[in-house]
Structures are given as structure tokens and as C-alpha cells.
């Protein structure tokens, strides 16, 4: 599996803001938006392009645009925070949704929503979720995408745990990973260490509805 770690001073500074427990919801959202745009920029590096004629105020020339913009698929809830940054970089992208919550007792994903095109054959898919911990949620999402015909899937995560990266690599699913960092371990509650806490709670506040 191809893994790209975005090693850049601006990415590192935004990640530090997100890690800091003193950062409030608004500050966390702002840092996530900046870092999300950087990761989408890197994930888009190899997208196919096409040229077309364009006229500047001075002369005619050739412009460039994406040949086939990807579909952005956030894993709800925390993945929603990465949609606007992705669309700021690729405004003509479509958006699908996969909803999953974590069972706090088993640490396993509990799916509750799928809103995706029936056929993803030939489509490039960016699956976005701030955290890759055990890999359970992301593996479930990527399998859903692959079952609908997707063979070009990029997982975009802010922070990835080595355990989740290994699970993704060993799955055999058609996926590459773009991330800002790979953290070494998970704690007994399956939170990434050092990580940044619960990304959904830090984006939107505590979830008070059991799914």
C-alpha cells in the first residue's frame, strides 16, 4: 500500500494546534480546515488533467482542469469537518456519506448511514476521516466503496496509528493513505497515543446520543 506522509512545517504547526488540549472547538476546526486542505492538495497530486483553450486579457493560451474530479466521502461524524476543506480545493467534486459511530465497549464501528452512488466503477474516491486508529471504521468504509466498484481509493487522515496503518495495508483493499503523521500506539480505550483525543468531540462538542 502506498503511504504518503505530509512532512511540512505548516502541516506540523496545524497538527500541533489540534493536539493541544487547550485548543477550543473553534480553534480545532480552523486548524483541521487548514490541514485538511493541505492533505487534499497532496492526495490530488496524481489526478488526471486535461487542457482547454482560455483567453487572458493579453492573449489566448491553454488552461488546465481536472479530467474527472473525485468523489469526497467523509466518515460521519468527524469526517464532516474535512468536507469543506476538500471542496475548497476541488469545488466541483461530488460528496457521498458513510455514517459510523464507535461502540465504546467493543471499540468496533457501528454503521448507521450510507449515501453513495450505486456504481463507483472508474471513479476516484477520497475517503476522509481525521483519525485512523484500529482501522475498523475505515476498513468498513473502504469495503463499501470497493463493493460498489471503486478501485482508486485514497484514505485521507490527519493522524494515523501504526496499528490502523498495518490493518489497512494487510486488508488487500484498493487503497492508498495520505496522512500528516503516524503515531506509535493505541491505549486501552483504543485512542491514538499521543493522538489528539476524540476528533468528533473536539470539532462539535460531546456526542450525547447513543447509536
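From the backbone N, Cα and C atoms, a Cβ is placed for every residue, glycine too.
Among the candidates 7, 198, the residue that Swiss-Prot annotates alongside 77, 102, 129, 130, 131, 132, 133, 134, 135, 136, 137 as binding 5-phospho-alpha-D-ribose 1-diphosphate is 198. Its own atom aside, the Cβ of residue 199 (uracil binding site) has 25 Cβ atoms within 10 angstroms in the protein chains shown.
Excluding the listed site residues 192, 197, 198, 199, the same chain places 78, 130, 131, 159, 191, 195, 196, 200, 201, 202 with Cβ atoms within 8 Å of the centre of the uracil site Cβ atoms. Between the alpha carbons (Cα) of residue 199 (uracil binding site) and residue 131 (5-phospho-alpha-D-ribose 1-diphosphate binding site) lies a span of roughly 7 Å. Within the same chain, the residues at least 6 positions away from residue 77 (5-phospho-alpha-D-ribose 1-diphosphate binding site) whose Cβ sits under 8 Å from its Cβ are 99, 101, 200, 203, 204, 207, listed in sequence order. Using a 10 Å radius centred on the Cβ of residue 192 (uracil binding site) and all shown protein chains, the other Cβ atoms total 25.
Just so you know, of the binding-site residues 135, 197, the Cβ with the fewest other Cβ atoms around it within 10 Å is the one at 197.
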